[in-house]
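Engineer: Straight from Swiss-Prot, here's the annotation block:
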{"type": "REGION", "residues": "1-166", "note": "region 'Disordered'"}
{"type": "COMPBIAS", "residues": "1-12", "note": "compositional bias 'Basic and acidic residues'"}
{"type": "COMPBIAS", "residues": "60-83", "note": "compositional bias 'Basic and acidic residues'"}
{"type": "COMPBIAS", "residues": "96-114", "note": "compositional bias 'Gly residues'"}
{"type": "COMPBIAS", "residues": "142-160", "note": "compositional bias 'Low complexity'"}
{"type": "REGION", "residues": "179-206", "note": "region 'Disordered'"}
{"type": "DNA_BIND", "residues": "200-259", "note": "DNA-binding region"}
Amino acid sequence: MEEGGRSPREEAAEPQESGGDAEPGGGRRALLLPPGDPPHPHPHPHRITNFFIDNILRPEFGRRKEAGGTAGEPRRPGAESRRSPAAAAPAPGAPVPGGGGGGGGGSPGRGEGGPAALALHGAAKKGGDPAALEAALKARGLSGAELSVSSDSDSSQAGSNAGNQPMLWPAWVYCTRYSDRPSSGPRSRKPKKKNPNKEDKRPRTAFTAEQLQRLKAEFQTNRYLTEQRRQSLAQELGLNESQIKIWFQNKRAKIKKATGSKNSLAVHLMAQGLYNHSTTAKDGKSDSE
């Protein structure tokens, strides 16, 4: 038999001995693969990790063992806090926790922008060691610029989602004594003038003796003037209607304070203990006030 010729039994046994590692261009490799999948030039090597449920649930998962410590030695609670954050970053060749899932290497598209890369980024920022960050990112095939872009896009997406939600008002807005509407808000006081002008106040009316005598006589007749009677008095005394009206109001208030008589509503409220504003009359006031 010639050297180039092979029996069918040898050709069938050759793929089993090689374990499927034939060249990509060979016809035998193409026949073994499904028709839809292209041949992979460099398949990912199978990596054994400790990502079991029991290991993940342990408190020491993801922490590197302390130098000089044994597996059976109990961990001290203050030992982890004394280590620097830069020591938590893995070496360039070491496997990064969280990158692979339960089946080994994991997909590259899923692990590039995952939470493990963000955790590495934050740990290196706190530790202030950019070299450790770059080494860890290169081990995962990710650069710092891509990580920053992905984190910015995540933050912008979170901001847009928050903007779509209706704005919620805090509870204290609805508990104010001003109003239950948030649009009203707290009332602002008007600023007081430092130098009040005398023109802002209403000028006091200086009644003559004849005018006072006529007003007192009219008050004895009727304490409440009608509009026609007020107009006629204003024409007779040469005063404004507002001046006569204010004088009658002040006169009634003085008599009410002097006598101490209260209306029926005040008496009813005082009986219930809701009103007890006692007033005293002040002497020495002239009638011109």
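Here the Cβ of each residue, glycine as well, is placed from N, Cα and C on the backbone.
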Engineer: Could you please provide the mean pLDDT value for the DNA-binding region (200-259)?
Structural biologist: 86
Engineer: Could you give me the DSSP helix, strand and coil counts for the DNA-binding region (200-259)?
Structural biologist: 44 helix, 0 strand, 16 coil
